[in-house]
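Here it is, the structure, as C-alpha coordinates.
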Amino acid sequence: MEPTKIALLLVLSFKLLLAAAASHDAVWSTTSNMGEGVVIGVLDDGIDAGHPSFGDEGMPPPPARWRGRCKHAGVAACNNKLIGARDFTRHLRQPGTAPRAGTHGTHASSIAAGSSVRRAPGGGAPGPVVEVSGVAPRAHLAFYQVCAARGCSRGSIAHAVEAALADRVDVLSLSLGDDDGLGFDEDPAVAATFSAVMRGVVVCAAAGNKGPAPGSVANDAPWILTDGASASSQSSPQSATIPAFSSRGPSRHNGGVLKPDIVGPGVDILAAVPRSARRPSFASLSGTSMSAPHLSGVAALVKSAHPTWSPAAIRSAIMTTADTSLTDETGTPASYFAMGAGLVNAAKAVDPGLVYDISPEEYIPYLCGLGYGDEQVNRIIYPAPAVHCAGMENTEAKDLNTPSIMVTLTEDRPAVTVTRTVTNVGVARSVYRVEVSAPKGVSVTVIPGELEFDEVKQKESFAVTVERVPGCALVSEVLGAQVAWVSGEHVVRSPISISAKF
(Lines of atoms letter the chains of each structure in order from A and count residues from 1; the text may use other names and numbers.)
(Lines give C-alpha, C1' and ligand atoms only; values in the text may rest on other atoms or scores of the structure.)
Protein backbone atom coordinates (compact mmCIF):
# COMPACT_ATOMS: atom_id res chain seq x y z
CA MET A 1 0.00 0.00 0.00
CA GLU A 2 1.27 3.43 -0.85
CA PRO A 3 1.94 5.82 2.03
CA THR A 4 -0.87 8.29 2.62
CA LYS A 5 -1.06 11.85 3.86
CA ILE A 6 -1.56 10.64 7.42
CA ALA A 7 1.11 12.40 9.42
CA LEU A 8 2.60 12.41 12.85
CA LEU A 9 1.09 15.48 14.47
CA LEU A 10 4.52 16.78 15.00
CA VAL A 11 6.53 19.03 17.12
CA LEU A 12 6.14 22.75 16.65
CA SER A 13 8.94 23.70 19.04
CA PHE A 14 11.97 22.08 20.63
CA LYS A 15 12.83 23.66 23.97
CA LEU A 16 14.46 22.32 27.13
CA LEU A 17 11.91 23.70 29.57
CA LEU A 18 10.01 22.09 32.44
CA ALA A 19 6.28 21.70 31.88
CA ALA A 20 3.84 22.93 34.48
CA ALA A 21 2.59 20.34 36.96
CA ALA A 22 -0.53 18.53 35.77
CA SER A 23 -3.62 17.52 37.71
CA HIS A 24 -2.66 13.85 37.64
CA ASP A 25 -0.36 14.60 40.61
CA ALA A 26 -3.49 14.95 42.74
CA VAL A 27 -4.74 11.53 41.65
CA TRP A 28 -1.47 9.92 42.68
CA SER A 29 -1.37 11.62 46.09
CA THR A 30 -5.03 11.14 47.09
CA THR A 31 -5.82 7.70 45.68
CA SER A 32 -2.46 6.00 44.97
CA ASN A 33 -3.87 5.42 41.48
CA MET A 34 -1.05 5.46 38.93
CA GLY A 35 -2.76 3.36 36.27
CA GLU A 36 -1.81 -0.05 37.63
CA GLY A 37 -3.27 -2.98 35.70
CA VAL A 38 -4.00 -0.94 32.55
CA VAL A 39 -2.28 -1.45 29.18
CA ILE A 40 -1.85 1.59 26.91
CA GLY A 41 -1.19 0.83 23.26
CA VAL A 42 0.74 3.60 21.47
CA LEU A 43 0.77 3.81 17.66
CA ASP A 44 3.65 5.94 16.44
CA ASP A 45 6.99 6.13 14.62
CA GLY A 46 9.39 4.17 16.82
CA ILE A 47 10.58 3.88 20.42
CA ASP A 48 13.89 3.85 22.28
CA ALA A 49 13.00 0.79 24.33
CA GLY A 50 16.15 1.01 26.47
CA HIS A 51 15.42 4.54 27.68
CA PRO A 52 15.18 4.87 31.49
CA SER A 53 11.58 6.08 31.07
CA PHE A 54 10.71 2.54 30.03
CA GLY A 55 12.52 0.82 32.88
CA ASP A 56 10.41 -1.59 34.91
CA GLU A 57 11.73 -1.23 38.44
CA GLY A 58 8.83 -1.87 40.80
CA MET A 59 6.43 -2.68 37.96
CA PRO A 60 4.14 -5.69 38.36
CA PRO A 61 4.07 -8.34 35.62
CA PRO A 62 1.64 -7.90 32.71
CA PRO A 63 -2.02 -8.69 33.39
CA ALA A 64 -2.97 -12.35 33.02
CA ARG A 65 -5.18 -11.47 30.05
CA TRP A 66 -2.23 -10.06 28.06
CA ARG A 67 -1.69 -11.84 24.74
CA GLY A 68 0.90 -9.55 23.14
CA ARG A 69 4.48 -10.22 22.14
CA CYS A 70 7.78 -8.49 21.63
CA LYS A 71 8.44 -8.77 17.90
CA HIS A 72 10.19 -5.63 16.70
CA ALA A 73 13.66 -5.45 15.17
CA GLY A 74 14.33 -2.17 16.97
CA VAL A 75 13.45 -3.55 20.42
CA ALA A 76 16.00 -5.92 21.92
CA ALA A 77 13.73 -7.08 24.73
CA CYS A 78 10.52 -6.14 26.50
CA ASN A 79 10.02 -5.95 30.25
CA ASN A 80 7.24 -5.33 32.75
CA LYS A 81 6.86 -1.71 31.58
CA LEU A 82 7.14 -2.15 27.81
CA ILE A 83 5.28 -5.45 27.56
CA GLY A 84 4.84 -5.59 23.79
CA ALA A 85 6.31 -4.17 20.60
CA ARG A 86 5.27 -4.77 17.00
CA ASP A 87 6.37 -3.28 13.67
CA PHE A 88 3.98 -2.63 10.77
CA THR A 89 6.28 -0.49 8.61
CA ARG A 90 8.31 -2.83 6.42
CA HIS A 91 6.69 -1.39 3.29
CA LEU A 92 7.33 2.15 4.55
CA ARG A 93 11.09 1.78 5.06
CA GLN A 94 13.94 1.82 2.60
CA PRO A 95 14.84 -1.77 1.62
CA GLY A 96 17.28 -3.36 4.03
CA THR A 97 16.83 -0.76 6.78
CA ALA A 98 15.73 -1.53 10.32
CA PRO A 99 13.08 0.37 12.30
CA ARG A 100 14.49 3.43 14.03
CA ALA A 101 13.99 4.68 17.57
CA GLY A 102 11.65 7.55 16.78
CA THR A 103 11.74 10.82 18.68
CA HIS A 104 7.99 11.27 18.27
CA GLY A 105 7.04 7.80 19.49
CA THR A 106 9.52 7.80 22.36
CA HIS A 107 8.25 11.17 23.57
CA ALA A 108 4.55 10.27 23.28
CA SER A 109 5.00 6.90 25.00
CA SER A 110 6.81 8.42 27.96
CA ILE A 111 4.10 11.10 28.39
CA ALA A 112 1.38 8.45 28.59
CA ALA A 113 3.02 5.92 30.88
CA GLY A 114 6.73 6.60 31.33
CA SER A 115 8.30 5.38 34.55
CA SER A 116 9.49 8.00 37.01
CA VAL A 117 13.04 9.20 36.29
CA ARG A 118 14.79 11.36 38.86
CA ARG A 119 16.90 13.48 36.54
CA ALA A 120 16.26 15.08 33.17
CA PRO A 121 19.56 16.57 31.94
CA GLY A 122 19.19 19.46 29.54
CA GLY A 123 21.40 21.68 27.46
CA GLY A 124 24.58 19.77 28.22
CA ALA A 125 24.97 21.53 31.56
CA PRO A 126 24.11 20.43 35.10
CA GLY A 127 20.54 21.29 35.91
CA PRO A 128 18.08 20.87 38.74
CA VAL A 129 17.18 17.40 39.87
CA VAL A 130 13.61 16.86 38.76
CA GLU A 131 11.23 13.95 38.59
CA VAL A 132 9.94 13.24 35.09
CA SER A 133 7.07 10.78 34.88
CA GLY A 134 4.28 9.74 32.59
CA VAL A 135 0.69 10.50 33.52
CA ALA A 136 0.07 6.83 34.39
CA PRO A 137 3.51 5.59 35.51
CA ARG A 138 2.25 2.21 36.73
CA ALA A 139 0.42 1.42 33.51
CA HIS A 140 1.98 -0.98 31.02
CA LEU A 141 2.97 0.08 27.51
CA ALA A 142 2.58 -1.76 24.22
CA PHE A 143 4.14 -0.10 21.19
CA TYR A 144 2.99 -0.49 17.58
CA GLN A 145 5.16 1.16 14.94
CA VAL A 146 3.03 2.44 12.06
CA CYS A 147 5.18 5.23 10.59
CA ALA A 148 8.67 5.19 9.08
CA ALA A 149 10.85 7.10 6.61
CA ARG A 150 8.21 7.02 3.86
CA GLY A 151 5.43 8.21 6.16
CA CYS A 152 2.42 6.35 7.49
CA SER A 153 -0.34 4.33 5.87
CA ARG A 154 -3.94 3.77 6.84
CA GLY A 155 -3.44 0.07 6.28
CA SER A 156 -0.60 -0.03 8.81
CA ILE A 157 -2.70 1.83 11.35
CA ALA A 158 -5.71 -0.45 10.84
CA HIS A 159 -3.58 -3.61 11.13
CA ALA A 160 -1.85 -2.25 14.23
CA VAL A 161 -5.17 -1.46 15.92
CA GLU A 162 -6.46 -4.96 15.21
CA ALA A 163 -3.23 -6.42 16.62
CA ALA A 164 -3.55 -4.25 19.72
CA LEU A 165 -7.10 -5.46 20.25
CA ALA A 166 -6.00 -9.08 19.94
CA ASP A 167 -3.22 -8.31 22.42
CA ARG A 168 -5.86 -7.00 24.91
CA VAL A 169 -4.87 -3.35 25.36
CA ASP A 170 -7.23 -1.10 27.36
CA VAL A 171 -6.42 2.32 25.87
CA LEU A 172 -5.16 3.33 22.42
CA SER A 173 -3.11 6.49 21.94
CA LEU A 174 -2.84 7.92 18.41
CA SER A 175 -0.79 11.07 17.81
CA LEU A 176 -1.61 10.71 14.12
CA GLY A 177 -3.93 12.48 11.74
CA ASP A 178 -4.75 13.28 8.13
CA ASP A 179 -5.90 16.37 6.26
CA ASP A 180 -7.44 14.92 3.10
CA GLY A 181 -11.05 14.92 4.25
CA LEU A 182 -11.95 11.25 3.77
CA GLY A 183 -15.31 10.11 5.07
CA PHE A 184 -15.58 7.55 7.85
CA ASP A 185 -16.36 4.79 5.35
CA GLU A 186 -13.25 5.50 3.26
CA ASP A 187 -10.74 5.20 6.10
CA PRO A 188 -9.89 1.72 7.42
CA ALA A 189 -8.30 3.33 10.46
CA VAL A 190 -11.68 4.80 11.46
CA ALA A 191 -13.29 1.36 11.14
CA ALA A 192 -10.49 -0.07 13.29
CA THR A 193 -11.18 2.45 16.04
CA PHE A 194 -14.86 1.49 15.97
CA SER A 195 -13.78 -2.13 16.48
CA ALA A 196 -11.77 -0.93 19.46
CA VAL A 197 -14.78 0.72 21.08
CA MET A 198 -16.86 -2.41 20.36
CA ARG A 199 -14.31 -4.33 22.44
CA GLY A 200 -14.29 -1.83 25.31
CA VAL A 201 -11.07 -0.02 24.40
CA VAL A 202 -10.80 3.76 24.88
CA VAL A 203 -9.38 5.55 21.82
CA CYS A 204 -7.58 8.87 22.38
CA ALA A 205 -6.40 10.74 19.28
CA ALA A 206 -4.82 14.10 18.50
CA ALA A 207 -7.04 16.82 17.06
CA GLY A 208 -4.29 18.08 14.75
CA ASN A 209 -2.02 21.08 14.34
CA LYS A 210 -3.91 22.96 11.60
CA GLY A 211 -5.42 25.65 13.84
CA PRO A 212 -6.75 28.17 14.19
CA ALA A 213 -8.55 27.49 10.89
CA PRO A 214 -12.22 26.51 11.44
CA GLY A 215 -13.06 22.92 10.52
CA SER A 216 -9.45 21.76 10.75
CA VAL A 217 -10.01 19.13 13.46
CA ALA A 218 -8.90 15.56 12.67
CA ASN A 219 -9.91 12.24 14.24
CA ASP A 220 -13.49 13.44 14.63
CA ALA A 221 -15.49 10.21 14.85
CA PRO A 222 -17.83 10.51 17.85
CA TRP A 223 -16.52 7.34 19.52
CA ILE A 224 -12.98 8.81 19.68
CA LEU A 225 -11.79 11.13 22.48
CA THR A 226 -10.43 13.92 20.26
CA ASP A 227 -7.70 15.91 22.01
CA GLY A 228 -6.67 19.50 21.39
CA ALA A 229 -3.72 21.28 23.00
CA SER A 230 -3.43 23.75 25.86
CA ALA A 231 -0.55 25.79 27.22
CA SER A 232 0.13 26.85 30.80
CA SER A 233 2.93 29.03 32.14
CA GLN A 234 5.13 27.79 34.97
CA SER A 235 4.31 30.91 36.95
CA SER A 236 0.55 30.41 36.55
CA PRO A 237 -0.23 26.78 35.63
CA GLN A 238 -3.98 27.30 36.15
CA SER A 239 -4.14 30.06 33.51
CA ALA A 240 -4.39 27.91 30.41
CA THR A 241 -4.62 29.07 26.81
CA ILE A 242 -5.33 27.34 23.52
CA PRO A 243 -2.29 27.75 21.23
CA ALA A 244 -2.94 28.88 17.68
CA PHE A 245 -1.77 25.58 16.19
CA SER A 246 -4.40 23.42 17.95
CA SER A 247 -6.99 22.39 15.35
CA ARG A 248 -10.53 23.73 15.62
CA GLY A 249 -14.02 22.46 15.03
CA PRO A 250 -16.58 22.12 13.68
CA SER A 251 -16.12 18.61 12.38
CA ARG A 252 -16.25 18.08 8.63
CA HIS A 253 -17.61 14.54 8.86
CA ASN A 254 -19.64 13.75 11.94
CA GLY A 255 -22.85 15.65 11.21
CA GLY A 256 -22.92 17.82 14.32
CA VAL A 257 -21.03 16.26 17.24
CA LEU A 258 -18.85 18.84 19.00
CA LYS A 259 -15.13 18.40 18.36
CA PRO A 260 -12.53 18.55 19.79
CA ASP A 261 -13.80 16.85 22.93
CA ILE A 262 -11.17 18.09 25.36
CA VAL A 263 -7.78 19.77 25.55
CA GLY A 264 -4.69 18.68 27.44
CA PRO A 265 -1.15 19.95 27.97
CA GLY A 266 0.55 20.25 24.59
CA VAL A 267 3.17 23.01 24.78
CA ASP A 268 6.74 22.56 26.04
CA ILE A 269 6.08 19.08 27.42
CA LEU A 270 9.19 17.54 28.95
CA ALA A 271 9.51 13.84 28.16
CA ALA A 272 11.90 11.21 26.81
CA VAL A 273 13.66 11.34 23.45
CA PRO A 274 16.06 8.72 22.03
CA ARG A 275 19.40 8.60 23.82
CA SER A 276 22.38 10.08 22.06
CA ALA A 277 25.91 11.15 22.98
CA ARG A 278 25.23 14.45 21.22
CA ARG A 279 22.05 15.52 23.00
CA PRO A 280 20.09 15.08 26.24
CA SER A 281 17.71 12.16 26.61
CA PHE A 282 14.81 14.40 27.61
CA ALA A 283 13.38 17.35 25.71
CA SER A 284 10.34 19.62 25.68
CA LEU A 285 8.23 19.35 22.55
CA SER A 286 4.89 20.84 21.53
CA GLY A 287 1.88 19.79 19.48
CA THR A 288 -1.38 17.91 19.85
CA SER A 289 0.88 14.86 19.63
CA MET A 290 1.75 15.66 23.23
CA SER A 291 -1.88 16.23 24.25
CA ALA A 292 -3.13 12.84 23.05
CA PRO A 293 -0.82 10.78 25.30
CA HIS A 294 -1.70 13.04 28.23
CA LEU A 295 -5.34 12.12 27.69
CA SER A 296 -4.42 8.46 27.17
CA GLY A 297 -2.70 8.52 30.53
CA VAL A 298 -5.72 10.12 32.19
CA ALA A 299 -7.99 7.53 30.54
CA ALA A 300 -5.74 4.85 32.06
CA LEU A 301 -6.14 6.43 35.51
CA VAL A 302 -9.93 6.41 35.13
CA LYS A 303 -9.88 2.84 33.77
CA SER A 304 -7.72 1.70 36.68
CA ALA A 305 -10.16 3.25 39.16
CA HIS A 306 -13.23 1.91 37.32
CA PRO A 307 -12.27 -1.24 35.35
CA THR A 308 -15.82 -2.03 34.20
CA TRP A 309 -16.63 1.37 32.72
CA SER A 310 -17.27 1.61 28.99
CA PRO A 311 -15.19 3.81 26.66
CA ALA A 312 -18.12 6.26 26.49
CA ALA A 313 -18.36 6.47 30.28
CA ILE A 314 -14.63 7.15 30.57
CA ARG A 315 -14.84 9.77 27.82
CA SER A 316 -17.77 11.37 29.65
CA ALA A 317 -15.93 11.41 32.98
CA ILE A 318 -13.01 13.25 31.40
CA MET A 319 -15.21 15.79 29.59
CA THR A 320 -17.77 16.69 32.27
CA THR A 321 -15.11 17.39 34.90
CA ALA A 322 -12.91 19.61 32.73
CA ASP A 323 -11.87 23.13 33.71
CA THR A 324 -13.47 25.74 31.46
CA SER A 325 -11.61 29.01 32.14
CA LEU A 326 -9.42 29.07 29.04
CA THR A 327 -8.48 31.75 26.54
CA ASP A 328 -7.49 31.40 22.90
CA GLU A 329 -4.41 32.72 21.13
CA THR A 330 -5.94 36.22 21.01
CA GLY A 331 -6.53 36.39 24.76
CA THR A 332 -10.32 36.15 24.49
CA PRO A 333 -12.37 33.34 26.09
CA ALA A 334 -11.87 30.14 24.11
CA SER A 335 -14.82 28.83 22.12
CA TYR A 336 -16.03 25.26 22.36
CA PHE A 337 -14.66 24.68 18.84
CA ALA A 338 -11.22 25.47 20.29
CA MET A 339 -11.35 23.79 23.70
CA GLY A 340 -14.18 21.25 23.54
CA ALA A 341 -15.41 20.66 27.07
CA GLY A 342 -12.28 22.33 28.48
CA LEU A 343 -8.94 21.43 30.07
CA VAL A 344 -8.66 17.91 31.44
CA ASN A 345 -8.65 17.60 35.23
CA ALA A 346 -7.48 14.11 36.13
CA ALA A 347 -8.27 14.41 39.83
CA LYS A 348 -11.93 15.14 39.09
CA ALA A 349 -12.21 12.70 36.18
CA VAL A 350 -11.78 9.67 38.44
CA ASP A 351 -14.86 10.77 40.44
CA PRO A 352 -17.33 12.42 38.02
CA GLY A 353 -20.59 11.73 39.87
CA LEU A 354 -22.64 11.17 36.70
CA VAL A 355 -21.70 9.83 33.27
CA TYR A 356 -23.28 9.95 29.82
CA ASP A 357 -22.98 6.40 28.48
CA ILE A 358 -23.38 5.15 24.90
CA SER A 359 -23.32 1.55 23.75
CA PRO A 360 -21.38 0.92 20.52
CA GLU A 361 -24.60 -0.23 18.85
CA GLU A 362 -26.11 3.24 19.31
CA TYR A 363 -23.64 4.65 16.79
CA ILE A 364 -25.09 2.49 14.00
CA PRO A 365 -28.40 4.38 13.45
CA TYR A 366 -26.34 7.57 13.76
CA LEU A 367 -24.10 6.41 10.87
CA CYS A 368 -27.21 5.60 8.85
CA GLY A 369 -28.48 9.09 9.63
CA LEU A 370 -25.32 10.60 8.13
CA GLY A 371 -26.46 9.25 4.78
CA TYR A 372 -24.18 6.24 4.52
CA GLY A 373 -25.66 3.23 2.74
CA ASP A 374 -25.69 -0.32 4.06
CA GLU A 375 -22.40 -1.22 2.39
CA GLN A 376 -20.66 1.83 3.82
CA VAL A 377 -22.04 1.37 7.33
CA ASN A 378 -21.14 -2.30 7.38
CA ARG A 379 -17.62 -1.43 6.25
CA ILE A 380 -17.26 0.91 9.23
CA ILE A 381 -18.74 -1.42 11.86
CA TYR A 382 -17.13 -4.67 10.66
CA PRO A 383 -16.71 -7.23 12.27
CA ALA A 384 -20.04 -6.42 13.95
CA PRO A 385 -23.04 -8.16 12.32
CA ALA A 386 -24.25 -6.56 9.09
CA VAL A 387 -27.17 -4.15 9.37
CA HIS A 388 -29.81 -2.63 7.07
CA CYS A 389 -30.37 1.08 7.58
CA ALA A 390 -33.89 0.90 6.14
CA GLY A 391 -34.92 -1.31 9.03
CA MET A 392 -34.00 1.13 11.79
CA GLU A 393 -34.89 4.65 12.86
CA ASN A 394 -32.02 7.02 12.15
CA THR A 395 -30.41 9.01 14.96
CA GLU A 396 -29.45 12.64 14.43
CA ALA A 397 -26.01 13.67 15.69
CA LYS A 398 -27.58 16.00 18.27
CA ASP A 399 -29.45 13.05 19.79
CA LEU A 400 -26.43 10.87 20.52
CA ASN A 401 -26.06 10.61 24.30
CA THR A 402 -22.80 12.56 24.31
CA PRO A 403 -21.65 14.82 27.18
CA SER A 404 -21.67 17.77 24.77
CA ILE A 405 -24.60 19.27 22.86
CA MET A 406 -24.47 20.94 19.45
CA VAL A 407 -27.54 22.50 17.84
CA THR A 408 -28.39 24.73 14.89
CA LEU A 409 -31.10 27.40 15.13
CA THR A 410 -32.71 28.81 11.98
CA GLU A 411 -35.71 30.92 10.99
CA ASP A 412 -37.64 27.71 10.32
CA ARG A 413 -36.35 26.01 13.44
CA PRO A 414 -35.80 28.65 16.15
CA ALA A 415 -36.00 26.07 18.97
CA VAL A 416 -34.35 22.67 19.29
CA THR A 417 -34.89 20.09 22.04
CA VAL A 418 -32.49 17.27 22.82
CA THR A 419 -32.70 14.50 25.40
CA ARG A 420 -29.86 13.14 27.48
CA THR A 421 -29.57 10.28 29.98
CA VAL A 422 -27.09 10.21 32.85
CA THR A 423 -26.00 7.28 35.00
CA ASN A 424 -25.21 7.72 38.69
CA VAL A 425 -21.67 6.53 39.44
CA GLY A 426 -21.21 8.57 42.62
CA VAL A 427 -23.00 8.51 45.96
CA ALA A 428 -25.98 6.13 45.97
CA ARG A 429 -28.47 8.60 47.45
CA SER A 430 -27.87 11.96 45.82
CA VAL A 431 -29.69 14.94 44.36
CA TYR A 432 -28.45 17.07 41.46
CA ARG A 433 -29.91 20.47 40.60
CA VAL A 434 -29.45 22.09 37.23
CA GLU A 435 -27.55 25.33 36.65
CA VAL A 436 -27.73 26.93 33.21
CA SER A 437 -25.75 29.68 31.54
CA ALA A 438 -26.78 31.07 28.15
CA PRO A 439 -25.69 33.95 25.91
CA LYS A 440 -27.77 37.02 25.18
CA GLY A 441 -30.53 36.27 22.70
CA VAL A 442 -30.83 32.57 23.55
CA SER A 443 -32.76 30.76 26.27
CA VAL A 444 -31.85 27.31 27.59
CA THR A 445 -34.51 25.36 29.50
CA VAL A 446 -33.93 22.02 31.24
CA ILE A 447 -36.78 19.72 32.33
CA PRO A 448 -36.77 18.42 34.99
CA GLY A 449 -34.60 20.85 36.95
CA GLU A 450 -33.67 18.26 39.55
CA LEU A 451 -32.46 14.66 39.33
CA GLU A 452 -32.81 12.39 42.35
CA PHE A 453 -30.93 9.09 42.65
CA ASP A 454 -31.46 6.29 45.16
CA GLU A 455 -28.76 3.90 43.99
CA VAL A 456 -25.58 3.58 41.99
CA LYS A 457 -26.08 2.79 38.27
CA GLN A 458 -29.55 4.37 38.33
CA LYS A 459 -30.34 6.26 35.11
CA GLU A 460 -32.32 9.48 34.77
CA SER A 461 -33.20 11.45 31.64
CA PHE A 462 -33.78 15.14 31.00
CA ALA A 463 -34.64 17.40 28.07
CA VAL A 464 -32.74 20.53 27.04
CA THR A 465 -34.48 23.13 24.86
CA VAL A 466 -32.35 25.79 23.19
CA GLU A 467 -34.41 28.65 21.75
CA ARG A 468 -33.87 32.01 20.09
CA VAL A 469 -35.34 34.84 22.16
CA PRO A 470 -37.67 36.79 19.82
CA GLY A 471 -36.62 40.37 19.15
CA CYS A 472 -33.26 40.01 20.90
CA ALA A 473 -30.12 40.47 18.81
CA LEU A 474 -27.54 37.70 18.79
CA VAL A 475 -23.93 38.63 19.49
CA SER A 476 -22.48 36.05 17.09
CA GLU A 477 -23.36 33.29 14.64
CA VAL A 478 -21.59 30.78 16.90
CA LEU A 479 -22.59 30.88 20.55
CA GLY A 480 -21.85 28.90 23.68
CA ALA A 481 -24.07 27.88 26.59
CA GLN A 482 -23.71 25.37 29.41
CA VAL A 483 -25.76 22.94 31.47
CA ALA A 484 -24.33 21.81 34.80
CA TRP A 485 -25.76 19.27 37.22
CA VAL A 486 -24.64 20.22 40.73
CA SER A 487 -24.72 18.19 43.95
CA GLY A 488 -22.88 18.68 47.21
CA GLU A 489 -19.90 16.75 45.87
CA HIS A 490 -19.93 17.09 42.08
CA VAL A 491 -20.37 19.51 39.22
CA VAL A 492 -21.17 17.72 35.95
CA ARG A 493 -20.82 20.17 33.04
CA SER A 494 -22.00 19.86 29.46
CA PRO A 495 -21.05 22.44 26.82
CA ILE A 496 -23.73 23.56 24.35
CA SER A 497 -22.46 24.85 21.01
CA ILE A 498 -25.10 26.87 19.13
CA SER A 499 -24.94 27.74 15.45
CA ALA A 500 -27.36 30.59 14.72
CA LYS A 501 -28.37 30.94 11.06
CA PHE A 502 -30.86 33.81 10.84
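Quick reminder: no glycine exception, Cβ is built from N, Cα and C everywhere.
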Quick test of your reading of TrEMBL: among 49-78, 229-258, where does it put region 'Disordered'?
229-258
Cα of Asp44 (active site, charge relay system) to Cα of His104 (active site, charge relay system): how many Å, rounded?
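Cα-Cα, rounded: 7 Å.
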Report, in whole Å, the straight Cα-to-Cα distance of Ser289 (active site, charge relay system) from His104 (active site, charge relay system).
8
For the region 'Disordered' (229-258), find every same-chain residue at least 6 residues outside the stretch whose CB is under 8 Å from a CB in it, and list them.
12, 17-18, 20-21, 181, 183-184, 207-218, 220-222, 264-268, 286-288, 290-291, 323, 325-329, 331, 334-340, 343, 366, 369-370, 396-398, 400, 402, 404-408, 495, 497, 499
The domain 'Subtilisin-like protease fibronectin type-III' (399-498): mean pLDDT?
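Mean model confidence (pLDDT) across the domain 'Subtilisin-like protease fibronectin type-III' (399-498) is 96.
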Work out the three-state DSSP category of His104 (active site, charge relay system).
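The residue in question, His104 (active site, charge relay system), is helix (DSSP, three-state).
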